[in-house]
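Worksheet: the structure to be examined is printed underneath.
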Amino acid sequence: MVVTAQHLASEVGAEILREGGNAADAAVAVGYAMAVVYPAAASLGGGGFATIYDPQNATQKASFVDYRERAPLKATEKMYLDAQGHPSKTDSKTGWKAVATPGVVAGLEEIRQKWGTLSREKLMAPAIKLAQDGFILEQGDIDLLNTSQPFFRKNKEAKGVFTNADGKDLKVGDRQVQHQLAKTLRLISNQGKEGFYKGSVAKEMTSVRQNPNEILSEKDLAAYKVREFNPLQCAYHGYEIYTAPLPSAGGVALCEILGVLEHYNLRKMGFQSEAAYQVQIEAMRRAYWDRRLLGDGVSPKIIDHFLDFKYQEKIAETLPKEAPKDPKNLEDPFSEKHETTHYSIIDRNGMAVSITCTMDGWFGAGVLAGKTGVWMNDEMDDFSLKAGAPNMFGIPGAKANAIAPGKTPLSSMSPTIVTTSKGQVFMVTGSPGGSRIPTITLSVLTGVLDGHMNVAKAVKRPRFHEQWAPSVVEVEPKAVPSSVQHALGKKGYHFVERHPWGMAGSIVVSQQRKDSRKVFGAADPRRLGGSTVSE
C-alpha cells in the first residue's frame with residue numbers, strides 16, 4: 001500500500017509493488033514521481049528523512065537515512081546579519097543565498113542501492129514519462145501552484161511550464177509538461193547520482209547565481225554525502241516506536257511526549273476530558289522547551305537524558321499541578337515553515353518505509369536552477385540566523401542550531417514506524433507541518449492507540465498543538481471541546497485557532513489471524529489530491 005499527497009505518485013508506487021518491487025523500490029519511484037507532480041515540497045532540489053523497517057533483515061531491521069540539505073562550505077554563522085548585526089528578513093528565505101546543498105537524489109539512490117531490488121532505470125521510468133508527456137492538473141495541483149505565482153513570473157524558465165505560454169496562470173484541466181526536468185531525470189537514470197551532483201546539471205545549477213554572496217558551488221554538490229543512523233526508538237503501550245533521531249528534533253519531541261503520557265491512561269481519564277487535554281498540552285510544552293538544546297552534532301547524552309524513564313516520570317508527576325508559565329526570554333530554535341510532504345509505504349512482506357521530504361517553503365527559495373527544471377530549497381532559513389534574535393514567529397534562535405559549513409539545520413520532520421512486540425509493522429505514519437509535525441504525528445498515534453480510532457478517523461481528527469513559545473494552544477475547529485477550553489482558560493491557557501495544518505499520511509496493519517492481515521491506509525483530507533492505493 002502507498003499513501004502520498006498526490007494520487008499519481010501513489011499510483012506509481014503501487015504499480016512498482018504490483019510488479020514485484022519492495023517498499024524501498026516503491027519509495028524511490030514515488031520520490032522521483034513526486035519531484036514531477038509535487039515539486040512545491042518534493043523537488044530534486046530539496047531533502048528529506050527516511051525511516052525504514054525490514055522485518056526480514058536478521059542483522060538490522062530498523063534504519064534511518066538522513067538526506068537533508070547541508071549548509072554550503074562557504075556558509076558562516078553571521079552570513080545573514082547586516083552591518084548592525086540584525087538578521088535579514090529575506091536573504092535566508094528567497095533567492096540563491098537561501099539555498100542549501102540538496103540531498104534528494106543522493107538519498108533516493110542510497111535507499112535503492114541498500115534496500116531496493118529493482119534497477120534505477122525501472123524505478124525512474126514513471127517519473128520521466130510524467131515529466132516528458134505531462135499530466136493533467138487537478139484542483140489540488142492548482143492550489144499548490146497558486147501559492148507561488150510570483151516565483152514563476154521571476155524565473156524565465158518557468159514560463160510555459162508553471163504558467164501558460166503567455167505567462168497566465170495554469171488552470172484545472174491544463175497539461176503540465178516539464179521537458180527540462182525530464183532531461184535531468186534521464187541523466188540521473190543513466191549516470192546515477194553523479195548525473196545530478198557532477199557534470200552538466202551541477203554546472204548549470206551553480207552557474208545561474210547572480211552575485212558572490214550566493215555561495216552554493218559545484219564543490220558543495222560533489223561533496224554531498226548521505227548519513228545513516230539508527231532510528232530513535234521508544235515504547236508506548238507495548239508498541240515500539242521508530243522515528244527520526246538528530247538532526248531532527250521532531251523525533252526527540254515525539255518520544256519525550258509519549259514517554260510522559262505513558263505514565264497516564266488517556267482512555268481511562270476520558271479521551272476528551274479536561275484532564276486528558278491538560279496532560280497532553282503540558283507534555284508538549286515540556287518537550288518543546290527541551291528542544292532548545294538540540295542541534296546537529298550535539299552530545300547523545302542530551303537525548304538520553306530527555307528520553308530517560310526517571311526524567312519523564314518526574315515530568316509526569318508535576319504535569320497535572322502546573323499552570324502555564326511565562327515563556328518570556330526562553331529560547332526555541334525553530335523558524336520552520338509548514339510546507340513539507342510525507343508518504344508511507346508497506347509491501348506484502350511487511351517491509352515499511354516512512355519518508356518526509358521538504359523544500360522548506362513552497363517551491364523553496366523561489367529559484368529554478370537554470371535549464372535543469374529543478375526548484376531549489378530555502379533550508380538555510382531553518383538555522384538560527386542569530387542566537388537570541390527572534391525568528392519569523394518572534395521566538396529567539398538557539399545557539400545549538402547556528403550556521404556552520406556542512407552542517408544540517410534542525411528539523412521537526414518525524415517519519416515514524418510502529419511495530420508490535422513481536423516485531424511486525426503495525427503502523428506507518430508521518431506528516432508535514434513545520435514545528436507541529438511531532439504533535440500531528442502524536443495526534444494520529446494517540447487516536448489509534450488510545451482512542452481506538454480507525455486510521456482514517458485518526459488522520460482526520462481535529463488537532464491541537466503547544467510549543468511553549470508563543471504561549472498559546474493552537475487548535476483546529478472542534479479539536480478541544482468548548483467546555484474544556486473554558487475550564488482550561490480559567491487556569492491560564494490561551495486557545496487560538498490556526499490554519500493550515502500538515503497533511504498526514506498513515507497506514508495501519510490489522511493482524512486478523514496468525515496467517516492473515518488487513519492493511520488500511522488514509523490520506524489526509526485537509527488538502528485535495530492525496531490518495532491511498534493498494535498494490
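Quick reminder: no glycine exception, Cβ is built from N, Cα and C everywhere.
Of all ranges given (74-94, 137-157, 326-346, 515-535), TrEMBL attaches the label region 'Disordered' to 515-535. Of the residues Arg68, Arg70, TrEMBL puts just one in the L-glutamate site with Asp382, Ser411, Ser412, Gly434: Arg68. Here L-glutamate is bound by Arg68, Asp382, Ser411, Ser412, Gly434 per the record. The longest Cα to Cα distance in that group is 14 Å. Distance noted between the C-alpha atoms of Gly434 (L-glutamate binding site) and Thr340 (active site, nucleophile) is 7 Å. The secondary structure of Arg68 (L-glutamate binding site), as reduced to three states from DSSP, is coil rather than helix or strand.
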